[in-house]
Amino acid sequence: MTLVLRGNSMSTLEEKAFIGLRQLTILDLSHQNIQSFQKMAFAGLTKLSNLNMSHNSLTDIPRGAFFGLNELEKLDIRHNKLQKIHAEAFYGLPKLRELYTDEYRFCCMARDMVSLEKCEPQPGIFSSCEDLMANVFLRGSIWVIGIMASVGNLVVILMRMNNKRDNRVHSFLITNLAIGDFCMGVYLLIIAAVDSFYRGHYIIYDKEWRNSGLCHFAGFLSTFSSELSVFSLTIITLHRLLSILFPFRIKDIEYSGAVRVMVVAWLIVIFLAVLPLTGVPYFGNFYGRSGVCLALHITRNWPPGWEYSVFIFLVVNFISFATIAASYSVMFVVARRTQKAVNRSRDANTGDAMARRMTLIVMTDFVCWAPIILLGVASLGGANIPNEVYAWIAVFVLPVNSAVNPMLYTLLTARYVRRVMSRARTSLNLSLSTMTTDMKQVNFAGDRQSRMSNGRQGWQKGIRLPKADPNRNAIKLTTIASLSDTEPDEAARVEEFNLLRDDHHRSACADAKTEGEARPDGVCRARDEKGVEDDIYDRNV
């Protein structure tokens, strides 16, 4: 027996509203204005197998709402305004096999109660009932790539800003590219952190997360980063093309001109990334369509704003990379024509090396974006792209160049490697020089002390120092034995002798002062005027 009540104006279902219809097997309550129904509303429908409550205004489903429907196999509650479903709302439906809802989280809740064979919608591309990132490998990879992209590009930005010796225009353009790639790293770290925060119970907060400001900000960062990177690469390529085509007429673009070009690029990119957040109904929840807040469209689904996503990620990027490919084709032809001249010129060799390096950078980004463009076109043509492919594209292909670029255009370039090695050698040489100087000072002090000690012994054995005479202005030192045993070098012998003489003068003046005797005025006056207390200490210092 079938009962169709479609299109009526019912707003609520009272308890035991269908009592007495025991033979009813199909009940259609769709396209009504049902906002709520009481517990036990379907009591008595013991043979009901198909219940359609789609296109109503239900906001919540209470516990035990379907109690008594022991034979129910199919339930459709799509196109309602459900905000909350009790955790045990599907309790008492032992034979339920098909469930149709608007959100996959309701499927997760039902599977805890019954064994479903089919449930729609399908799970998110990245998420599961437990985690934002269902794939363990992708979960770890997003951390690694996020850290590499953010830290690596931050290092590049700081190095480029502090380095004043490189070409200003070239360094400025590379800095803008690094800023875009840095934002991609921040985006990945936000998603990785949210996945860790909701680990094990993500599906409960899925809708709340996708509607949050942080998710929208992460989506803005992903679009801003991708487009700023593409625009920067296009400008870098055109800059190289002009430098090669007109090497004498256009030696280089003025720095102020490069700044103006990049300001325009920034304004365009910010406009493209912010527009979906302005509240225009066309976009809907543009950045909250998936748990990773990514606006990329390469699936067969047609969510609100999909045309805008196609325009940005397929049309704009295709035009940019077509320009890049054409520009490097022209550069390749010019390089072939001038190959002999280039081989004779050291400056040309340097420029050619830079061109090859920039080609590697651009081609790396092109290889990353080409699969996205091709898959997007294929999905528009009706091809069925597996969700797993989308997940790998979003985690690896889209952001991986942001992690690799810092090494390609700065950290592993020949110029920076030579600069780092030069600084390392300078630092090492300075350390070795300091150590050598310290060792020489220590050895010199040790030798001086040894000579002094040996000199004192020789003085005690071979030199007779007369007592100071108050009537004389100087002290005569009579050499009895040679000092050659202590120091064969004549200059050292003279220096040692002077040290011993000064030591004797100091002792004589001090002894005379202590004993109250007359001091040798000439010597002691000179020492007093000089203000020397310990000549030996002063000389060793």
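In case you wondered, yes, glycine gets a Cβ from its N, Cα and C as well.
A quick note: this is a predicted structure, and the numbers were derived from the prediction, not measured.
According to TrEMBL, the feature domain 'G-protein coupled receptors family 1 profile' maps to 152-409. Among the features that TrEMBL reports, transmembrane segment is placed at 136-159, 171-194, 228-246, 258-277, 310-335, 360-383, 389-412.
Contact check: the transmembrane segment (310-335) against the transmembrane segment (136-159) gives fewer than three Cβ pairs closer than 8 Å, residues 6 or more apart, which falls short of the contact criterion. Each of 136-159, 228-246, 360-383 was scored by its Cβ pairs under 8 Å to the transmembrane segment (389-412), and the highest score goes to 136-159. Residues 132-133, 139, 142-143, 145-154, 156-157, 160-161, 163, 209, 214, 217-218, 221-222, 224-229, 232-233, 235-236, 239, 255, 258-259, 262, 265, 292-293, 398-399, 401-403, 405-406, 409-410 of the same chain lie 6 or more positions beyond the ends of the transmembrane segment (171-194) yet place their CB under 8 Å from a CB of it.
Note on the transmembrane segment (258-277): residues 169, 172-173, 176, 216, 219-220, 223-224, 227-228, 231-232, 235, 239, 283, 286-287, 295, 305, 308, 312, 316 of its chain, located 6 or more positions outside it, place their CB under 8 angstroms from a CB of the stretch.
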